[in-house]
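Student: Okay, handing you the structure first.
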Amino acid sequence: MQLTPRALCAAGRAAFRESFPVGGRDVARWFPGHMAKGLRKMQSSLKLVDCILEVHDARIPLSGRNPLFQETLGLKPHLLVLNKMDLADLKEQQKIMQHLEREGLKNVIFTNCVKDENIKQIIPKVTELVGSSCRYHRGEVCERPLMFLLDTPGVLAPRIQNVETGLKLALCGTVLDHLVGEETLADYLLYTLNRHQLLGYVQHYGLGQACDDITSVLKQVAVRLRKTQKVKVLTGTGDVNVVQPNYPAAARDFLRAFRSGALGPVMLDRDILQGVPSVEPP
């Protein structure tokens, strides 16, 4: 008998974790130290532009946005572009908009650059914002081309105070996986999927049921994908070659499946939208 995702969830819900332990994790070392320098460089370029386009991941519309970035904007028009909307679960899009509006962000566009979804809304919106700005009638407004894009490197907050925010940013590929640990990231992903009853991974990997133990899940993934490795084990009669699951390789595949959308759309900020803390204090 093949269980539906709903039945799988009901069967495993009692065993799902209600919090994710973060004690002992040094989030400060996950993020490169050049971010503050990048922000200063961005501030020096602001005098050249009439409108700010902030691009962020739609899976984390509330987490990880640089709090110092808003302070650098001054009175310039500001448009937030939440990209990768095809990978995000946007059932609570209205709540996202309301939350952002409370933070002073009224101009938000959800996009999917791969399929050009909503991309054509950006230029008309920028034109509208610039045209209604008090800076619009200054003498050096550009005419050829009518719009010129000044790109800058991505800039995170110099300090990530919240470990869970750091984990979310890392899941979305903001930092190199090995800085956090691939198996740690895979475990947080598994915790998040189970907590929000997003059990697409069960069918994707052909698992028997939902499971909240990352070692067990990665073992099954490794065996199914034939990601194994021979390891020498010292015994009383000499060295013996033992075939073991390649857990790091399985973790990398699990993360790739999430990032490509193969596990279904996910909203990593659902707990913020619902106002429910989900991480144990360190």
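Quick reminder: no glycine exception, Cβ is built from N, Cα and C everywhere.
Whatever TrEMBL says is automated annotation, not expert-curated.
Annotations per TrEMBL:
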{"type": "BINDING", "residues": "N83, K84, M85, D86, G154", "note": "GTP binding site"}
Student: Far apart in sequence but close in space: which same-chain residues, 6 or more away, have a Cβ under 8 Å from D86 (GTP binding site)?
Tutor: N112, V114, K115, E117, G261, P265
Student: Between all pairs in N83, K84, M85, D86, G154 (listed as GTP binders), what's the biggest Cα distance, rounded to the nearest Å?
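Tutor: Taking every pair of listed residues, the largest Cα separation comes to 21 Å.
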Student: Could you tally the C-beta atoms, other than its own, that fall within 10 angstroms of the C-beta of G154 (GTP binding site)?
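Tutor: G154 (GTP binding site): 10 neighbouring Cβ atoms within 10 Å.
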Student: For N83 (GTP binding site), what is the tally of other C-beta atoms lying within 10 angstroms of its C-beta?
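Tutor: Within a 10 Å radius of the Cβ of N83 (GTP binding site) lie 21 other Cβ atoms.
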